[in-house]
Structures are given as structure tokens and as C-alpha cells.
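Below: the structure, in C-alpha cells.
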Amino acid sequence: MLCLVVHGPGAPAPAGPEEEPPLSSPRPLGAYGAAASSQPPARRRAGLAAEDAARRLLLSAAAAVAAPPAPGRGELGPAAAAARERPARSLLWARAGPVRPPAPPAASRLFRAPPAEPPAPPEMVCKRKGAGVPACTPCKQPRCGGGACGGGGGGGGPAGGGPEQHPPPPLRAPRSPAAPGGAPAEAGGDAVRAGGAAPSVARQQQHECGDADCPEGPDPPCDCHREPPPDAPDINQLPPSILLKIFSNLSLDERCLSASLVCKYWRDLCLDFQFWKQLDLSSRQQVTDELLEKIASRSQNIIEINISDCRSMSDTGVCVLAFKCPGLLRYTAYRCKQLSDTSIIAVASHCPLLQKVHVGNQDKLTDEGLKQLGSKCRELKDIHFGQCYKISDEGMIVIAKGCLKLQRIYMQENKLVTDQSVKAFAEHCPELQCVGFMGCSVTSKGVIHLTKLRNLSSLDLRHITELDNETVMEIVKRCKNLSSLNLCLNWIINDRCVEVIAKEGQNLKELYLVSCKITDYALIAIGRYSMTIETVDVGWCKEITDQGATLIAQSSKSLRYLGLMRCDKVNEVTVEQLVQQYPHITFSTVLQDCKRTLERAYQLGWTPGVSAASS
């Protein structure tokens, strides 16, 4: 039988003859010591030897880290030193546990002192500014060298207890001491993989430190990964088709003198061919033959051009334009007195698809130019030769016979144009809709031929000296589509004629009777019989009084405009009352027109007493 001697709690147990003295100061045996005391001596010695070998390995790794660089060797860079330092620190921080044998029986624990609590491992305190802020990719160089962030890894006691540790100086590459049994010191790396975190994981933990006790607050994240501010809206981001639609609302001056100077992109858009299809160059004295040639060379698809009041060009520029733009459809050149038949002949010869020719007030234009138009421009629909005093029936008849698709014709003060021209147009141009022979040498004998025009909608017979009432009434009766009739400056037109017009004009909307020989009865008849007339102008009719103005306003359901300019027998007080009673009707007198002009000026921001020069 084995006898056991139990010692007091304060006396250590005597070491047996087969036990080796400890390598360091005595420490509590702990659970392993209590379990190993009841095992056979050989097995117990093997466990103690393994534990001591692990401790020696840890001490040697720590000594290699703390040792200064050997003379004659260069120091390593920060990244390499941190890489070499990382496994050693991991060894120090990791709780390296020896290979533990199987647990001894529970009865043997009664003969050992109670185990002391093992020391708590030091807590890792983040010393880096911005702890808790997500890591960012460095812009130029890493913010953390190797695996340590700012404060250098671990160190220190528990949070708030130990002093702050600074990063160690650069280290040389240490020689790895050989472990017992010839194993190199890379076993420390196995220890890191076994009990500690890998360097990349440790670095990620240091970057993502979210400890509330971290002594330093977070700093703003790196600017390299900050979300860029949203770009301001840019008009150039719109599709070109949208920009072209926007630029189409600009005038030629705004496109050429403003928008095209913004940038090259806008200049190219402003030079787009669609903007040069329709050119309005009117009243620009800088338009010369050279400019017309450049425009025609760049944009040969011009379909409409207006060169009215351009006095710096000549027939040469127009000829070049016509030659290079055969698709021209509409040609306008009012008051270009320097142009002659040469220009109109060039346009007629090179532009067979021409549909509109407005060349009023050209003194040099003769019948020769009109003959070329009539013989070569079969698609002509709209002509205007007002105040071309050298034009006669000869040229007009050629146009009437050659241009069967004519819809609009306007003549003004052409004294050489007579009833023959009116008859020719009425017979050969059945599609005529708008006809005007103001001040021409036309009589009722010629005007009566206009009754053949079933599509006639607008008729201008101003200042026809030999026009009688019967002719006018016959035209109104037969031309059922007539919507506008201008009889101004015809002193022979009387109340009876106006009454017939009001009764027979089923689609008539505009009636102009300025300076005609009418009275209040004409206004009363219009208000009583007409259900379509909206505009009536009886200015300068001296026999119109307050009664006629009041009765037409009361009886007419369609009236919207009543012209009473210089009707001396109409009182302004009466007109003011009518304005108040019938706000849907516009009354035109000198005083009322002045009031409307003043109101319009106020709406535009005009202030009394402030001149344009001072503003």
C-alpha cells in the first residue's frame, strides 16, 4: 500500500528525485500540474519538457526582435521591418498553449494547491487616428507601413492602463534561431496561424477598429475615394437634334453674332445646313456680292432668301446665288433699286422650281424679266410687283398664261397695268385666292372678270377710280368664299352697296371702308344682317356719328374691331362708354389708340419722367 503525506497549504510539495528543477521562478502548477502529478514520472517529464521548449522558443523570438542591428548590416526599410516584426508580435500576443496530455483523474487534483488565475492577455488598443473609419485605398503611398497602423500593433496593458507605445525603429532582418530538433524559427509563423491572426487580418482589424475607448477620434476619410460632386447640368449634354431645335428659335443675328461665338461646337451647329435653308438678310448693308457668293458656296441647298433693302450688292451676287442654289423656292428683294432684269432673269433661268417672287419697288425691272419668269417658272404661285413702274400688260399676260398655278398676285401703283391683265389672270389662273390691284389703271370692266374665280378669298380694290357699286355687289354674290374685302379710297361706295355686302357675304370677316361715302345706315345694316363680319373700319368717314357706332355695337354678335379714326362726329365720351359696356370689342380712335399704346409701354416697364437716355 502506498502512503501519502499531506502537507499544509503554505508548504510546497517536495520535488521527487526524478523531477528536474524548474527553469524559472516557481509558478502555480495550474490544472496541468495537478493533473500531471498523478501520472507516471516518464510521461510527466515529457509534458514538462514540451512546455519548456515552447517557452524557450517564445523567449528567443522576443530577444531576436528586441536586439539592435548587427554592425555592418544595413537597416531594413519600414515595410520589410514591419513584415519581420509581425510574426514575433503575433507570437507575443498569442496565447501559445503547449501540447496537453490527456486529463488526469479528478482524484489527483485534491493534492495540489488551487490553480492561480492565468494572467489576462494584453488588450490591443488602437492608436491610429480615424479608428472605426472604413479603410481606403491610398492615393500615392500607403498610410500604414507593413502591418502596423500608426501606433505599432499591440503593446500596452489593458485599455486605459498601459502607457502608449511608439512604433519601433527600423529593424534588420534577424537570423532565425534553430529550434530544438533542427526546426527553423518559422514555427512562429505556424503559431500565428494556429493561435493568432494573420498579418492581413490584423491589419484589417487595426483599420476597422471600432472601440469606443479609442483615445483619438476619427478623421475624415481619404479624399481619393470621396464621392465626386455631381456635374452641373450642361446644355451640351443634350442631343444635337435638340440643340438644333433650340437654335432654330434664334434669329440670324443671334445665331451668327452670339451663339456661334460661344464655342466651336456651337459654331458648327449654327452652320448646320438647316439654318441656311431660309436666310433673312434684309436691311443689312454688309451684304455684298462676295458674301452672297460665300453663302451660296457653303449652303447650296438654300430654298428661301430675303435681300430686301440690301444696297451694297449688285446683279452679280444674285446671279452667283441663283447659279449655285438651283433649289431656290422663294426670292424676296423689296426696294433693291440697283437690281435690274439681269438678276430676275438669272433667278428664272437657274431656279425652275421657284414658287414666290416678291420684287416690289424696283425701278429697273421691265417686262423682259417677267417674260422669263412666265416661260421658265411654271410652279410660280405668289408674285408681288408693286411699284415697278415699267411693268405693263405685256409682261403680266405672259406670266398669266405661263404660271397656271398662281394663287396670289399683288400689284400697287402700276399705272401701265390695265383691265387686260386682270382679264388674263381671271381666265388662265383659276386657283387664284388673293388678288390686289391697288392704284392700278383698272376699271369695273376688268374687275368684273374676277367673278370667275370661285376660290377667291381676299380682294384688294383700293383706290380704283372707276369702280361702281354694281360690280362690287356682283363679286360678293358670286365669290362665296370671299373673306376679306378692301374698298378703301373709293368715294363711290355707298350705303346700298354695304347693305348688299352684309347680306350676301356669307363668309366675309373683314370689311375695310376707309374714306367711303357711307353713313350710320351702313353700320346699322352690318350689325343687323351680317353674322360673320368681325372687323369693320370706317375711318375718315365724315358722316358716321355716335348713333351708328352705338347701334352696331349693340346689334352685332360677331364684331370684334370697329375703326373710327378721324370720324369727327363721334364723341370720345361715347366711345369711352362703349369701351366699358362692350369690352370684347376694340374701338379705334385717336384717344383710344394712345391709351393702348401707353398701357403697352407700362407693361414693358416704362416709367413716366424717365427718358431712354437716362435709363
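Backbone N, Cα and C atoms are what each Cβ position is placed from, and that goes for glycine too.
Curation plays no part in TrEMBL annotations; they are all automatic predictions.
A quick note: this is a predicted structure, and the numbers were derived from the prediction, not measured.
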For the annotation region 'Disordered' in TrEMBL, which listed range does it cover: 1-48, 433-480?
1-48
Per TrEMBL, the range holding region 'Disordered', considering 66-121, 290-345:
66-121
Can you give me the average pLDDT across the domain 'F-box' (232-279), rounded to a whole number?
84
